[in-house]
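Engineer: Checked Swiss-Prot, it gives:
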MOD_RES   SER260  phosphoserine
MOD_RES   SER495  phosphoserine
MOD_RES   SER498  phosphoserine
MOD_RES   SER500  phosphoserine
MOD_RES   SER501  phosphoserine
REGION    1-44  region 'Disordered'
TOPO_DOM  1-63  topological domain 'Cytoplasmic'
TOPO_DOM  85-111  topological domain 'Extracellular'
TOPO_DOM  133-141  topological domain 'Cytoplasmic'
TOPO_DOM  163-168  topological domain 'Extracellular'
TOPO_DOM  190-201  topological domain 'Cytoplasmic'
TOPO_DOM  223-232  topological domain 'Extracellular'
TOPO_DOM  254-291  topological domain 'Cytoplasmic'
TOPO_DOM  313-326  topological domain 'Extracellular'
TOPO_DOM  348-362  topological domain 'Cytoplasmic'
TOPO_DOM  406-416  topological domain 'Cytoplasmic'
TOPO_DOM  438-448  topological domain 'Extracellular'
TOPO_DOM  470-512  topological domain 'Cytoplasmic'
TRANSMEM  64-84  transmembrane segment
TRANSMEM  112-132  transmembrane segment
TRANSMEM  142-162  transmembrane segment
TRANSMEM  169-189  transmembrane segment
TRANSMEM  202-222  transmembrane segment
TRANSMEM  233-253  transmembrane segment
TRANSMEM  292-312  transmembrane segment
TRANSMEM  327-347  transmembrane segment
TRANSMEM  363-383  transmembrane segment
TRANSMEM  385-405  transmembrane segment
TRANSMEM  417-437  transmembrane segment
TRANSMEM  449-469  transmembrane segment
Amino acid sequence: MVPSQEEPAAERETNEAQPPGPAPSDDAPLPGPGPSDVSDVAAEKVEVELTRSAGSEPPVPPEGGWGWLVMLAAMWCNGSVFGIQNAYGVLFVSMLDTFKAKDDDNMAFKTAWVGSLSMGMIFFCCPIVSVFTDMFGCRRTAVVGAAVGFIGLMSSSFVSSIEPLYLTYGIIFACGCSFAYQPSLVILGHYFKKRLGLVNGIVTAGSSVFTILLPLLLGNLISSVKLFNTLRILCIFMFVLFLAGFTYRPLVPSTKEKESGGSRSSFFSRRKLSPPKKVFNFALFKETTYAVWAAGIPLALFGYFVPYVHLMNHVKERFQDVNNKEVLFMCIGITSGVGRLLFGRIADYLPGVKKVYLQVLSFFFIGLMSMMIPLCSAFGALIAVCLAMGLFDGCFISIMAPIAFELVGPQDASQAIGFLLGFMSIPMTVGPPIAGLLHDKLGTYDVAFYLAGIPPFVGGVVLCLIPWIHSKKQRKISKNAGGEKMEKMLENQSSLLSGSSGIFKKDSASII
């Protein structure tokens, strides 16, 4: 066996200098190890080295190469999933015209639940998706999710009433989108580290681009080929998403690959399920910084989506003579894409958890812009508010995944993002209906928009605690490490003193 590089040179020379001879007798045993002991020690060294190389340390992100193709695939995923969801307003009008019954006065309420259920299910399923991502990897999870989404969207084009859409569009299609979307956030952290903020900005900008273009495309398709054929055409987006999922080549082994010793198997191989205690990694919440982050983000989102849902109706009531009300959402989509690229790049220059300050800044401005909506007496002022709101919306979204990687690391980022998105589904579902209820009671949206600006401020204040908690933890670790180092130095010094004292006594005795 080739000797280890860490083995002292003097020891090697001593072993080489000993000539072979007869086996020692029992009366004079050699102090050194025998041949069997040497082989055991060598085997232990090899085992330790193999254990270290078996995946205990995550691989270094390549910062490019195949990762650029992964980035484009993730960009298509974000664009197709949230572009379709954000353009539901166009489908909403077509569904009303297609399924409307003369004796049904609640048709708008029923139709609205289709889109609301779909958006909520995407985020609600994310904690479950994170488990599948850890168990089977990003590639398998994303591909299967896109296939399920394709089936749900295609089956939605064959219904004859609004109720089956709750299952086909609101649950099956949304769950498939969730399984395809969440791995697209996780896989980027495996391929990028230094450029992760910029890459996430580019990927999340895909939803802005699709949000700008899809409403125009859907409007033309519905007017020419009607609703059902439009849904079938949208299935093309899901099929491309299915193909894009195959680009998520894994760098970090999944849980199943670790349990099987890292051996590769077929794509749809049968695997033994993990125990429940290993499925959901609740130990993440023992990390105080992540627990605060997972509480602060949903708290800020109680008012986050109120302008996106009720802005059109507010403009209709406040500015009756304005025809192009859709330009407000186009402004939000354009500046949101700019914000994702801009702040994603800025995040690359902020070390560690200081990236959280960008989210704090974005929530403060989003809350302020929400409160300014009722104060706008001119449509031009409202356009300016929407431009600013979209810019900081892009800031908040683009750095979500980089912060998760900073707080828990790449190995646990999947479930960290999944838990967060699951928590986000609650305020996203509850906030807009509360604003609608206030409008029904008061006859105006003014109070609703004022109140919608409060939760982003509160959530931003909570997020400010994260850098403080992190720095306090680092100081404690440094202090403990310094104490251990001092104790070790004192032990070494005392051992040297005791050794020198023994030598002095031995020499004195021999002289006497």
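Using the three backbone atoms N, Cα and C, a Cβ is placed for every residue, glycine included.
Could you place the listed features in the three-dimensional structure?
Structural biologist: In the predicted structure, the topological domain 'Extracellular' (85-111) carries a mean pLDDT of 73.
Cβ atoms under 8 Å from those of the topological domain 'Cytoplasmic' (190-201) belong to residues 59-67, 70-71, 138, 250-252, 340-348, 355, 394, 398-402, 405, 410 of the same chain, restricted to positions at least 6 beyond its ends.
Away from its own ends, the topological domain 'Extracellular' (223-232) comes close to residues 91, 94-95, 98, 153-154, 156-158 of its chain (Cβ-Cβ under 8 Å, at least six residues beyond either end).
Residues 215, 373, 379, 382, 439, 444-445, 449 of the same chain sit 6 or more residues outside the topological domain 'Extracellular' (313-326) yet have a Cβ under 8 Å from a Cβ within it.
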Engineer: Going through 112-132, 142-162, 327-347, 363-383 one by one, which has the most CB pairs that fall under 8 Å from the transmembrane segment (292-312)?
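Structural biologist: The stretch with the most close Cβ contacts to the transmembrane segment (292-312) is 363-383.
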Engineer: Out of 64-84, 112-132, 142-162, 363-383, 385-405, which stretch has the largest tally of CB pairs under 8 angstroms to the transmembrane segment (169-189)?
Structural biologist: 142-162
Engineer: Between the transmembrane segment (327-347) and the stretches 142-162, 363-383, 385-405, 449-469, work out which stretch tops the count of Cβ pairs under 8 Å.
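Structural biologist: Going through each listed stretch, the top one turns out to be 385-405.
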Engineer: With a Cβ cut-off under 8 Å, give me the same-chain residues at least six positions beyond the ends of the topological domain 'Cytoplasmic' (406-416) that come close to it.
Structural biologist: 58, 127, 130-131, 133-134, 138, 182-183, 186, 189-190, 252, 280-281, 284, 287, 289-290, 293-294, 352-353, 355, 466
Engineer: Grab the same-chain neighbours of the topological domain 'Extracellular' (163-168) for me: Cβ-Cβ under 8 Å, and only residues 6 or more beyond its ends, written as numbers and ranges.
Structural biologist: 95, 110, 113-114, 117, 152-153, 155-156
Engineer: Which residues, given as numbers and ranges, are at least 6 beyond the ends of the transmembrane segment (64-84) yet have a Cβ under 8 Å from it?
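Structural biologist: Non-local partners: 122, 142, 177, 180-181, 184-185, 187-188, 191-192, 195, 199, 202-207, 209-211, 213-214, 234, 237-238, 240-241, 244-245, 247-249.
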